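What Swiss-Prot says about this one:
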type	residues	note
BINDING	5-12, 133-140	ATP binding site
BINDING	HIS157, CYS167, CYS169, CYS174	Zn(2+) binding site
Amino acid sequence: MKVLAIDIGGTKIALGNVVEGHLQHRKQFPTPVVNDATTLAKEILAHCQAWLSDVDAIGISTTGLVSEQGISAINPGTLSFPTPFPLHSELHRLSGKPVKMLNDAQAAAWYEFLQLSPELDVRNMAYITVSTGVGGGLVINQQLHKGKSNFAGHIGHTVLDPNGPLCGCQQRGCVEAIASGNAINAGAQALFGQAISNIELFQLAQHNEQASTLIQQSAEAIAQLCLNLKATLDLDLVVIGGGVGLARGYLARVQAFIDKQPLVFQVKVRAAVGDYDACLLGAAFQFEESNLS
């Protein structure tokens, strides 16, 4: 099967030509500020016009809550589209192709689960993306768990500290408000008094204790989330992805914190095999229907 895969993020939109499960071509462009889905759908199709006639279907993965009506941002700070944003229906109307849409972390969770060796006998798994925000997807009893309203897996908006920083979702102390790329970036600017990208911060952390502490705070928040999920869902595995989650040394910090806790709460973490494109590949793998609830 040939699928046009689209991954909608807070800062970029990635496009992929996925043929029989393999990413053949890829491109991306900055997420634009748009007021209607038709404008964005036309821009997306213009970027991949050379692939369009050859694909069988279009798969979308997106940050936010996905419903039949479209995309709704849980945290408007990570996605500024008006809601609900009917991108899927506009892409179908303009292209004539069948279109499916999933939350990005749910899509990545399903892709990552399908890549696991059967010998691992993983029944319950979580995927956590640490990027602009913090998202998640859950596979329970070897089925993607979305819930009645597709809200399952929004674990970035579980609260670690009720007195913590205000999140864009209007709760205080969410994992996203403590551990996300946006949170790290805000902390770095407050600490150093100037704009520092997260790439620069990770480089600085190799020899600067303050920078290292900022990253450690994020990693420990994600580790605590993993521990909580193990206690709640008896997870066999947590897969971590995203620009921050896959940054050099980050996963080791998460696992080291987990390994210091009581054994019953510990869970193995591993990097996404889809690397930075797990969500993009997950967009295409929606058409792998087996156990996709």
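In case you wondered, yes, glycine gets a Cβ from its N, Cα and C as well.
Cα-Cα distances to HIS157 (Zn(2+) binding site) place GLY135 within 10 Å, out of the binding-site residues ALA5, GLY9, GLY135. Comparing GLY137 (ATP binding site) with CYS174 (Zn(2+) binding site), their Cα atoms are 17 Å apart once rounded. Between the candidate binding-site residues, CYS167, CYS169, the densest Cβ environment within 10 Å is the one around CYS167. Same-chain residues with CB within 8 A of the center of the HIS157, CYS167, CYS169, CYS174 CB atoms, the Zn(2+) site residues themselves not counted, are ILE74, ASN75, GLY156, VAL159, GLY168, GLN170, GLN171, VAL175, GLU176, ALA177. Rounded to a whole number, the distance between the Cα atoms of CYS174 (Zn(2+) binding site) and VAL139 (ATP binding site) is 22 Å. Non-local neighbourhood of GLY133 (ATP binding site): GLY10, THR63, ASN75, THR78, GLY156, GLU176, SER180, GLY181, ASN182, each in the same chain, at least six residues away, with C-beta under 8 Å from its C-beta. Annotated pair CYS174 (Zn(2+) binding site) and THR11 (ATP binding site), C-alpha to C-alpha distance, rounded: 21 Å. Contacts of THR11 (ATP binding site) defined by a Cβ separation under 8 A and a same-chain sequence distance of 6+ are given as PRO30, THR31, THR132, in order along the sequence.
Using CA atoms as reference points, the binding-site residues ALA5, ASP7, GLY9, GLY135 were checked against CYS167 (Zn(2+) binding site), and the closest is GLY135. Each of the binding-site residues GLY9, GLY135 was scored by how many other Cβ atoms lie within 10 Å of its Cβ, and the smallest score goes to GLY9. Annotated pair CYS169 (Zn(2+) binding site) and ASP7 (ATP binding site), C-alpha to C-alpha distance, rounded: 22 Å.
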